[in-house]
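Enquirer: Handing you this structure, nothing more for now.
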Amino acid sequence: MKPLKPLTGAQIRQMYLDFFQSKGHAIEPSASLVPIEDPTLLWINSGVATLKKYFDGRVIPQNPRIVNAQKSIRTNDIENVGKTARHHTFFEMLGNFSVGDYFREDAIKWGWELLTSDEWYGLDPDRLSVTIHPEDDAARQIWLELGVPAERIIPLEDNFWEIGEGPSGPNTEIFFDRGPAFGDDPNDSELYPGGENERYLEIWNIVFSQYNHDGHGNYTELPRKNIDTGMGLERMASVMQDVPTNFDTDLFMPIIHKTEEISGKRYREDTKLDVAFKVIADHIRTVAFAIGDGALPSNEGRGYVLRRLLRRAVRYAKMLGIERPFMYELVDTVGSVMVDFYPQVPEKADFIKRVIKNEEERFHETLHDGLAILNTVAQAAKNNGEHIISGEDAFRLYDTYGFPLELTVEYAEDHQMSVDEEGFKRAMDEQRKRARAAREDGGSMQQQSEVLATLTVPSQFVGYTDLEADAKIIALLHDGERVTEVAAGEEAQLLLDVTPFYAESGGEVADSGTITGPDFVLDVKDVQKAPNGQNLHTVVVRTGIALADASVHAAVEASSRQAITKNHTATHLLHKALKDTLGTHVNQAGSLVSAERLRFDFSHFGAVTAEELATIEQDVNQAIWASLAVEIEEMNIADAKAKGAMALFGEKYGETVRVVSAGTYSIELCGGIHVRNTAEIGLFKIVSESGIGAGTRRIEAVTGAGAYHVMNGHLQTLEQAARVLKTKTTEVPGRIEALQVQLRETERAHESLQAKLANIEAASLKDDVEQINGVQVLAKQVDVSDMDALRGMMDELKSSLGSAIIVLGSAQGDKVNLVASVSKDLIDQGYHAGKLIKEVATRCGGGGGGRPDMAQAGGKDPAKLNEALAFTSHYVQSLA
């Protein structure tokens, strides 16, 4: 048997990229795990996920042959992670892709060459088998020509790839035979390549994307056929390194060794503990990379995924005897393992560790809170005469507090109870179905638009320097089809051979303006990039009939453009000020640059304080008032990075980039339009700062005249306040503080008076106390202003009556407030304030509850308050 090459994970990755680069492929950088332009995805979950724009025809790539190593996250099988050899939440997918270029034959032959050639991976061909779709005769023939025996070419009906609407097609897979040690039972019906077994490991998958699926079962041939190939790095590492699981490769073992060092336990000595080692190693990779790409733990979306993963790892760490925050200590190890291809984890290690440590500390506190909730749930069940914790409650504890089912089961057993595990599984299945439906809905690609894809005629953009240009309409479209004319009032799309109109990009909105022909006028409503990179104008024919091939004059609306450029340059200054004030972890997470305002979304852990906002605003204005020259250069991307240019989070750049510098203060890669000097911006004013999601903040601001109007509005408000307060504008804060002091004194006097009145009324209520079967009972409607006053009166009565059951109610408008008290000696006799108040409240249209000694409730029907209070006597008699 041919020996295996002992390649490291880094060598396997680099060899894959080098091989396909030698076959004319362009290397596509690994995209951020946080999707930038795809709201349908929670995470980038495959190598092809970042290339959908190429496959559905929205964008034509410069090179139709692409290769990448894409970091990915999938969490749909999280419960299997650590328990199987190959389930992961974070993994790398190596892929080679053809967008309308080579197809089946080259894809298969190149895959075989890379896998079997001694120059590359050098696998033994005798240990490889393939699967194909039963109707894919072309693939079968190619495999036979490569020397694969017919008995190792297995037809499988499942070899057809589709994810809803869009491109689809048959696929072929390559399997590696790990040997009889992983399965040698001739009676095992699953022991074949493609079956459920451990012996035959899938290492390669090629999708022949040749159909468009309309989502209704109809398939049509794609005008341009595509190739989508995937090879999992972790799986391939387990093959080349000849180890039983992915976790035993050099991609995981350094993390496991570090965990051994922290825990004092040894990997591979106890099967149950091995699961814990694997879970921790997997989850820290996911969390470290995701935080490095801008995601932060939270209670929603991708932030919730991170929170669950961290909490799951912490729970498994308890099996290893680790009872303190420790995951953050593994970040440096993750960074060192992956640094060859992913430098961002080491670069952001301090921030990543701070976030993880904070989350771990919070979870250790949450565990105590969860136990308190679990105790309440169990007690409530017992109070209702039940000895089972419902599946819904168990799942809520799991989903909200990170409590595993087994922990809830252990607790229940300690309290002579059980858990509805079937109900828990049903709740879990429902959540998975919802998640699966969301993935299927969001994973599909758009159908190819052949009309736009075939528009390859060049168009020159002159808008960086000119706001007007004489041009020619080189393509005119109406309802998606090429036409020769479009009538007045109709909407159309067109290309110009020369255009001053900027196409929406990088958050900067498109220019507006007019296009004037010999006998027609067009209003430009929008400009977007066409698949082949030209600026595609959406217009409405204001007058006349728009004609293809007509000579026209294109004019950008100057005042709007001027305002947009001010706001765009201001976003660059804001980005720099944010990093200077909050930290280098700040990354742009989205932006909108319009004529009216700018909006800047950025990653940050926690709210921005008023002091920090003031510093940020001041720094931006200082840069504006410094009259910094804004210079624009085109250079090699390596030179740009050496110059210190900020590459925007999630963006992909070619070899030549456009660098926008505002003096030495701000240097960014940007294709947008800017002022020539920061002084043109005039003034910068932040109007709002808020959180918009997990670890993402948003600042909205205005510049120039917009900033003046905002500040003038603030001044007018201040002057109006001064008039109302009858003081000078400079003395408004002091006057307000004085009024607040007066108000607090008045409130204290009011509260004191209320307390005295309550005491007087409480004293008079003693005459209304009833004796029922030897128990003092007081149930009375009283006249107080709010719940606080009602509780104060209750405290007075409890003190004076001693052993008693008291229920007080008050009505304010259409609202009822209720409080109940049961003294300790009567609790021992079976009386319960929470149960009593619940019954009283239901009789006046409300609800509530509480402890055995004290409870409160509300109602919505004041007319029934006295009737409800009368129930108290019945309650006492029923338990006598």
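Each Cβ is built from the backbone N, Cα and C atoms, and glycine gets one as well.
This is the feature table in Swiss-Prot:
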type	residues	note
BINDING	HIS568, HIS572, CYS670, HIS674	Zn(2+) binding site
Enquirer: Including all protein chains displayed, how many Cβ atoms other than that of CYS670 (Zn(2+) binding site) lie within 10 Å of its Cβ?
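Expert: Total other Cβ atoms inside 10 Å, all chains included: 24.
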Enquirer: Within its own chain, what residues at least 6 apart in sequence put their Cβ under 8 Å from the Cβ of HIS572 (Zn(2+) binding site), listed in sequence order?
Expert: VAL660, ALA662, SER666, GLU668, CYS670, HIS674
Enquirer: Only counting partners 6 or more residues apart, tell me which same-chain residues put their Cβ under 8 Å from the Cβ of HIS568 (Zn(2+) binding site).
Expert: GLU508, VAL593, LEU598, GLY672, ILE673, HIS674
Enquirer: Please report the number of other Cβ atoms within 10 Å of the Cβ of HIS674 (Zn(2+) binding site).
Expert: 26
Enquirer: Any idea what DSSP makes of HIS568 (Zn(2+) binding site), helix, strand or coil?
Expert: helix
Enquirer: When you average the Cβ positions of HIS568, HIS572, CYS670, HIS674 for the Zn(2+) site, which other residues in that chain have a Cβ within 8 Å of that mean position?
Expert: GLU508, THR565, THR569, THR571, VAL630, VAL660, GLU668, GLY672, ILE673
